[in-house]
Amino acid sequence: MKDDFAEEEEVQSFGYKRFGIQEGTQCTKCKNNWALKFSIILLYVLCALLTITVAILGYKVVEKMDTVTDGMETSRQTYDNKLIAVESDLKKLGDQTGKKALSTNSELSTFRSDILDLRQQLQEITEKTSKNKDMLEKLQANGDSLVDRQSQLKETLQNNSFLITTVNKTLQAYNGYVTNLQQDTSVLQGNLQSQMYSQNVVIMNLNNLNLTQVQQRNLITNLQRSVDDTSLAIQQIKNDFQNLQQVFLQAKKDTDWLKEKVQSLQTLAANNSALAKANNDTLEDMNNQLSSFTGQMDNITTISQANEQSMKDLQDLHKDTENRTAVKFSQLEERFQVFETDIVNIINNISYTAHHLRTLTSNLNDVRTTCTDTLTRHTDDLTSLNNTLVNIRLDSISLRMQQDMMRSRLDTEVANLSVVMEEMKLVDSKHGQLIKNFTILQGPPGPRGPKGDRGSQGPPGPTGNKGQKGEKGEPGPPGPAGERGTIGPVGPPGERGSKGSKGSQGPKGSRGSPGKPGPQGPSGDPGPPGPPGKDGLPGPQGPPGFQGLQGTVGEPGVPGPRGLPGLPGVPGMPGPKGPPGPPGPSGAMEPLALQNEPTPASEVNGCPPHWKNFTDKCYYFSVEKEIFEDAKLFCEDKSSHLVFINSREEQQWIKKQTMGRESHWIGLTDSEQESEWKWLDGTPVDYKNWKAGQPDNWGSGHGPGEDCAGLIYAGQWNDFQCDEINNFICEKEREAVPSSIL
């Protein structure tokens, strides 16, 4: 500004020779005084405006020439023409001051408007450049973020590849596990077959033991019968002995009577004495026979005692074998249950791993698709950014070239203006010398001229003092959401909020994969003893019995007269060994009779063929599979019904019968009223053996829920949809068995 004021002071000493003011007489000076003043003021104003505009243009153009657009070329040409016209007008102002005052004013106004337009264009260019800078910064930030994202994507892809390799390794390991499990299952099947074979052998041994026990019981009954027969024979012998004693007494009486009549019966005395001797011999024989019978009785008692002891030993052995077999069966059942739980766990683990692998593959496919989409988008963005960067580089190169051209032209224009200013200073000095010779007389005031045009808006004044703080305005509308910033550090845990209101019940989800089975529960109490089994196969032939004691040999009697034929004598001593005789008859007949006895038919237990008996009921375990209604009709055709399980013992027996088989229908349903389970005859359920989490009435999103119950692999109850196909169990009352069959 100081330079501008100095230039104005220098301009005030202008000369006016070039503008048509010539020296003359004093009168002409007076006449032309007003015109000279007006022309001088006009020249000062024009020069000041020109210097100000040139200085402002130079300052603005030098400051903001980096962001000049293509439209500056046309404006520059017009400005060059206008500057040339201004120079020519300045050169011709001395001759054409009066004529072209209005034209200069109009040109100045147009020049001002052009300068304002140029300022606006420069402001727009600066705004565009600032926007372009912001866009460049944003593009650079986006490029950096894209680079970071690409690195993150590479890391995620590496992690995914590592996960895929680990999944493949785990799959290989699971394949090894599956092969090992298959081998284990084959080994288990072999063990099961061996256990079944050993179980069959044990059953055969038990049947043989039962047969031997039955034979021993029959032998004991026969021995008891023989003992009873011997006791009867002894009673008969005692009765005979008493009769003989009575006879002997009668004989004594007769002898007394005969002694009285000895004289008359002397002929008969010899006979009577012979008869007495014979009677004495018979009595001695009877005494000997009684002693032999007592020895035989002693032998029989010893044999019976030995048999009783052997029976007791056999019963103890039988009880021990039964206990051992029961313990073995319980151990086998526990092992079977453990094997079943292990197999179920393995199946559940395999299903869980398969489900997990499916989810992993789906997630990997989703990640792959998202990665491909993001990569394609990023490649498109990068191509667009590269194109925009190329365009920006070309624009910047063209702007720099235009800036260089404008600088060179400004330098030339400033040089021309400096030359013009030097010439004007010289003219001003000359005019000052000429003005010293002028005598200016003040003439009468002229008429008031017309109102001039409104001047241009002045520069803004200095900023005033800061005013008082105004009232707080209304909150403005929320601005657009900014870009998402980086994730900040994790803040401290907030206070626990109040308990929210209970939400509405959501829809029932899909049926999940079977959970892992729980630990094995404690063994239950031993059940009551079962009913007696069927008669087994006949056992082997028993050993021969003990040999009886040999009787005592009687003394030879005195030969008497030949009497009546007496009783058979006691067997004598064994004679010498003779030649071998023909083969004798076979051994004891009772075991043979037992061996040849036919096995009882299946109707002996009161159940038809292919039906099994338990307590007073008969059960049919189907081989075919039907839906619930068809199974119910099948049982009704057999004059029975689907099984009703009303006790723990019945449940355990049915569990043993269905071990290792598929699911079976039972006569339990809630089709009449949901969640109210009843047997088919309408009776409520007293005993329950539902699986954990059942019944769940799972509908799987189609049709009705699960309204029919059945047994699963572990013997527990589960609800099924009634249109599923399963095996079934029929139940009916056992028919009365005739006593003749028993």
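Even glycines carry a Cβ here, placed using N, Cα and C.
According to Swiss-Prot, the topological domain 'Extracellular' annotation covers 59-742. For ASN159, ASN168, ASN271, the entry in Swiss-Prot reads N-linked glycosylation site. Look at Swiss-Prot and you will find 501-514, 534-556 tagged as compositional bias 'Low complexity'. Positions annotated as compositional bias 'Pro residues' by Swiss-Prot: 516-532, 571-585. For CYS607-CYS618, CYS635-CYS730, CYS708-CYS722, the entry in Swiss-Prot reads disulfide bond, with the evidence type sequence analysis. Taken from Swiss-Prot, the feature Ca(2+) 1 binding site applies to PHE644, ASN646, GLU650, GLU731. Positions annotated as Ca(2+) 2 binding site by Swiss-Prot: ASP670, GLU674, ASN697, GLU706, ASP707. The annotation carbohydrate binding site is assigned in Swiss-Prot to LYS691, GLN694, ASP696, GLU706, ASN718, ASP719 on the grounds of similarity to another entry. Taken from Swiss-Prot, the feature Ca(2+) 3 binding site covers GLN694, ASP696, GLU706, ASN718, ASP719, and the record attributes it to similarity to another entry.
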Problem set entry | GLU650 (Ca(2+) 1 binding site), number of other Cβ atoms within 10 Å | 18
Exercise. Which ones, of the recorded positions ASN159, CYS618, PHE644, CYS708, CYS722, have a Cα no more than 10 Å from the Cα of CYS730 (disulfide bond)?
Worked result: CYS618, PHE644
For this session: Please report the DSSP secondary structure of CYS618 (disulfide bond), reduced to three states.
Result: strand
Problem set entry | Cβ neighbours within the same chain of ASP719 (carbohydrate binding site) - under 8 Å, at least six residues apart | GLN694, PRO695, ASP696, ASN697, TRP698, GLU706, ASP707, CYS708, ALA709
Exercise. Relative to the Cα of ASN168 (N-linked glycosylation site), which of the binding-site residues PHE644, GLU650, ASP670, ASN718 has the closest Cα?
Worked result: ASN718
Problem set entry | Other same-chain residues whose Cβ falls within 8 Å of the Cβ centroid of PHE644, ASN646, GLU650, GLU731, the recorded Ca(2+) 1 site, in sequence order | LYS617, VAL643, ILE645, SER647
For this session: For the recorded Ca(2+) 3 site, enumerate neighbouring residues of the same chain (Cβ within 8 Å of the Cβ centroid of GLN694, ASP696, GLU706, ASN718, ASP719, site residues themselves excluded), in sequence order.
Result: TRP690, LYS691, PRO695, ASN697, TRP698, ALA709, PHE720
Exercise. Between GLU731 (Ca(2+) 1 binding site) and CYS618 (disulfide bond), what is the CA-CA distance rounded to a whole number of Å?
Worked result: 6
Exercise. Where does ASN168 (N-linked glycosylation site) sit by DSSP, helix, strand or coil?
Worked result: helix
Exercise. Which one of these recorded positions has the most other Cβ atoms within 10 Å of its own Cβ: ASN168, ASN646, ASN697, ASN718?
Worked result: ASN718
Exercise. Which state, by DSSP, holds ASN271 (N-linked glycosylation site): helix, strand or coil?
Worked result: helix
For this session: Return the residue, from the listed disulfide-bonded residues CYS618, CYS730, with the maximum count of other C-beta atoms within 10 angstroms of its C-beta.
Result: CYS730
For this session: Indicate whether ASN159 (N-linked glycosylation site) is helix, strand or coil by DSSP.
Result: helix
For this session: Mind telling me which of the disulfide-bonded residues CYS607, CYS635, CYS722 has the densest Cβ neighbourhood, counting other Cβ atoms within 10 Å?
Result: CYS635
